[in-house]
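Chemist: Sharing a structure below in structure tokens format, with a few things to ask.
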Amino acid sequence: MARTTGDLQLTSTAEDSDDLEDVRLLDSYYENDVVHNNDGTKRIQVRVTGMTCAACSTSVETALRSVNGVIGASVALLQNKADVVFNASLVKEGDIKNAIEDAGFEAEILPEAGSVQGSAVVGQFTIGGMTCAACVNSVEGILRGLVGVKRAVVALATSLGEVEYDPNVISKDDIVAAIEDAGFEASFVQSNGQDKIVLGVVGVYSPVDAQVLEGLVSGIKGVRQFRFDPVLGELDVAFDPQVISSRSLVDGINLGSNGRFKLHVRNPYTRMASKDGSETSAMFRLFISSLFLSIPLFFMGVICPHIPLVYSLLLWKCGPFLMGDWLKWALVSVIQFVIGKRFYIAAGRALRNGSTNMDVLVALGTTASYVYSVCALLYGALTGFWSPTYFETSAMLITFVLLGKYLECLAKGKTSDAIKKLVELTPATALLVVKDKGGRPIEEREIDSFLIQPGDTLKVLPGTKVPADGTVTWGSSYVNESMVTGESIPVSKEVNASVIGGTINMHGVLHIQATKVGSDTVLSQIISLVETAQMSKAPIQKFADYVASIFVPTVVALSLLTLSCWYIAGALGAYPKEWLPENGNHFVFALMFSISVVVIACPCALGLATPTAVMVATGVGANNGVLIKGGDSLERAQMVKYVIFDKTGTLTQGKATVTSAKVFTGMDRGEFLTLVASAEASSEHPLAKAILQYARHFHFFDDSSPTISTQNDAKEVKSGWLYDVSNFSVLPGRGVQCFIDGKRVLVGNRKLLAESGINISTEVENFVVELEESAKTGILVAYDDVLTGVLGVADPLKREASVVIESLKKMGIVPVMVTGDNWRTAKAVAKEVGIRDVRAEVMPAGKADVVRSFQKDGSIVAMVGDGINDSPALAAADVGMAIGAGTDVAIEAANYVLMRDNLEDVITAIDLSRKTFSRIRLNYVFAMAYNVVAIPVAAGVLFPSLGIKLPPWVAGACMALSSVSVVCSSLLLRRYRKPRLTTILEIVVDKQQNNYS
């Protein structure tokens, strides 16, 4: 590892430290400060190599949790990852790595893991012009007063200042400008922030080339550490993101080498996939090697006895043994101790940790067969009594187990296809539009998509993928977002429209300004959510973990019992000697049954039953726009009894429209609408927008969008058709008030008019009640303290709402509606949609109490809301579903994030959960039934009556295929399709639309 050096060191430079630690100047400040905003908690992910079954993952978890300072640890067997949360002040990353390695596994800290703590960095600045303590106090006061600055300390003697700040709020340039504005000189030196990048390098063909590359990198300001691997052609660089960006780093190397080296950013997910692929390839090589050496054994035992010449050579005595015995011994020794070494290593590792796994069983069974065969040969050489050997049993057993492991690796790889497809959505390159100082485009340049920075202008051609999240600055087109949101219909994109990275531009050319890059993009957040969900354990898996912990000792005990029973029964003459193999004895006969018991038992099938199904289900959900945050959420959703819906924006479209307007005085209808529109023109309330749109349509028959921007409203005021308004004010929870021509205008609900002393006649009250009973909201208008008219405003139900509610009832789930609206409107909406249980006039905080009221009897409750106003209820529910999340996929309160604004996805989420756990139960039934049936058969229970006897190699083949069968069973979930009710809904709607056309 080569390091750069600088005049000033912000942190320690110990050679064994890869991370930046304590900042000197701020140390005393922290010591005297009582409040600590940062608790030092970090989260990292570690790649763990060598785990073979659930017992291994349990061993790693136990080893990690025993480390002082580790707060939590979760190990995912299928992903070969460990997620560790720890106190950075008590334990270092190296200690965690050592703990895993001490447990007998290989560990690698993944660079893309982040910390739990905030994003604040500590920057070091040189400050010139300070002459005394008053200058220091002045600079410190200025720095501490800046928004985004948490702490600041200035040292007069060294002319240095160290500032802790949030780079998302304030930049280093802003800090420099603030110091200079105060009359001092300032420049940025470095920060404790650190970023890492892995670059693939082409063009390094000799040690001289490597030295040139290292010289270039070491000379770039801001580079902290780097390491070049000539074998992989990879350059790992750690740099200060406050000094240099990743793109500037790559450009610096390219410029310094004059194009001699070609660099590209290595995708961290692709690197992980390549490592998983190499593990599969290694398993395949072991299997092929074992098969290649086992084929001669098969020929010697089956084919050669029918070829006299060859058979005579095998019977030729060479020393104390026959030539055939020498060959078998040599071939099997290679298979047993060279190819099968991995089983001994894994078994030894497990036993050292006080646990047992499948490798213990394989090592035990094959070793027993091998040792017996060697002992039989030696005994024959010494006594002249030659017993049959079982070398081929050991060889074929290892071959079949390796075949099973290879097939298992292939099948497990398929379970992560969803993440691979999501990763592949990101284009490899992007077209960067380079602009001059005046903002005019001067050239286009192709860059690596991982080097895009916020603020970049990117050109997106028709048929290509959008490289990053951003906003359209020029052009118009339709974009296919189905691969991210699940919405099949292409979305129109105009200037100022948001676009999502990974989606496909259909027709026109677009210029977009990147707003979110790297881990902040929607696609990266989706991948992160899916990964987190796949690493989490469903509660049902605890059963499998418990069974796995006692499984192997139980099987070994059963094996010894089988050996004892058959041997004792033979010694007592309980079965005829004809059952014994040729030249065999009772011990050999019993030993073969015992070995079969050991190798046929399979704890792996139990350990794979849940995680494989959860992995596939979370991937399938992501493909359908349903993001699941963990196995526990998936398990709870299949037991849901009540689904509570918020009304506005969940059951309804959230787009208010005026449906009726009635005048109760002699005022002209057009004048009345102009009066109301003038009063509401300055309001930002959705109902005001709806009223303004309705009035404009009445006057001009304009069919523009009902969503009118503030700028458009300003134009309306100046257009001449609206009245001049004065003293406008908003009265929260009641309405608005203003003056037109010196007369007061009130627009709002009953409460507003009652407080203003305006009488509501029986005729008006009856009309408002009629509106509310038809699921509409009545808005009362008073002019010059006289009730003039009423507007009826409706928020239409989503077209699928009633069918979804009916579908939930058929699924045995009780739908409930909760809303802050009045009771009449709430009951009318509930009646229209088919919900009987209604809770109205409930404030957002009170919705959580409604959820808890349904949970009192132990029922599982799901809450469906928009993820913003409904956060308390979503958090209180057993299963919180945030619907219509769109690009906001990181809603903390929700267990499920439904990216489309479609209620059908609620059914999809629950149905997918039920299908997944039906598959998990089936996997458990198969895994348990297999062992319950297979072990007695292998022990020879059916041999006396039916003559069924499983040779050890057949038992090994059964064991290998059992775990593969469980994984393949989980893979069937990839064929999941949304419930048929959704299809019926679409057909019905299409028919209705055709009838009206």
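If you go along the chain as it appears here, the first residue is 1 and each next one adds 1.
Positions of Cβ are set from backbone N, Cα and C atoms, glycine also.
Note: TrEMBL annotation is automatic and uncurated.
So TrEMBL lists these for the protein:
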- 42-108: domain 'HMA' (DOMAIN)
- 121-187: domain 'HMA' (DOMAIN)
- 291-314: transmembrane segment (TRANSMEM)
- 326-348: transmembrane segment (TRANSMEM)
- 360-382: transmembrane segment (TRANSMEM)
- 394-411: transmembrane segment (TRANSMEM)
- 543-569: transmembrane segment (TRANSMEM)
- 589-609: transmembrane segment (TRANSMEM)
- 924-947: transmembrane segment (TRANSMEM)
- 953-973: transmembrane segment (TRANSMEM)
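Structural setting of the listed features?
Modeler: With helix defined as DSSP H, G or I and strand as E or B, the domain 'HMA' (42-108) counts 22 helix, 25 strand, 20 coil.
Looking at the domain 'HMA' (121-187) alone, the prediction's average pLDDT is 85.
Counting same-chain residues at least six beyond the ends of the transmembrane segment (326-348), those with a Cβ under 8 angstroms from any Cβ of the stretch are 50, 52, 56, 104, 286, 289-290, 293-294, 296-297, 300, 314, 318-319, 357, 359-360, 362-364, 366-367, 370, 373-374, 377, 389, 391-392, 394-395, 398-399, 401-402.
Note on the transmembrane segment (360-382): residues 320-321, 325, 328-329, 332, 336, 340, 343-344, 347, 350-351, 388-391, 393-394, 397-398, 401, 552, 555-556, 559, 588, 591, 594-595, 598-599, 601, 603, 952, 956 of its chain, located 6 or more positions outside it, place their CB under 8 angstroms from a CB of the stretch.
Counting residues 6+ beyond its ends, the transmembrane segment (589-609) has Cβ neighbours under 8 Å at 52-55, 57, 77-78, 357-358, 361-362, 364-366, 368-369, 372, 390, 393, 397, 401, 408, 412, 544-545, 547-548, 551-552, 555-556, 558-560, 562-567, 570, 579-581, 920, 923-924, 926-928, 930-931, 934-935, 937-940, 949-952, 954-956, 958-959, 962-963, 965-967, 970 in the same chain.
If one looks beyond the transmembrane segment (953-973) by at least 6 residues along the same chain, the residues whose Cβ comes under 8 Å of a Cβ in the stretch are 362, 365, 392-393, 396-398, 400-401, 403-405, 407-408, 411-412, 414-415, 595-597, 599-602, 604-605, 608-609, 612-613, 615-617, 620, 915-916, 919, 922-923, 926-927, 930, 934, 938.
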Chemist: Count the CB pairs under 8 A between the transmembrane segment (394-411) and each of 291-314, 543-569, 924-947, then give me the winner.
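Modeler: Per the Cβ under 8 Å count, 291-314.
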Chemist: Summarise the domain 'HMA' (121-187) as counts of helix, strand and coil residues per DSSP.
Modeler: 22 helix, 24 strand, 21 coil
Chemist: Using a Cβ cut-off under 8 Å, which residues of the same chain at least 6 positions beyond either end of the transmembrane segment (543-569) come close to it?
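Modeler: That would be 53-55, 58, 355-358, 360-361, 364, 575, 586-587, 589-591, 593-595, 597-598, 601, 603, 606-607, 609-610, 924, 935, 939-940.
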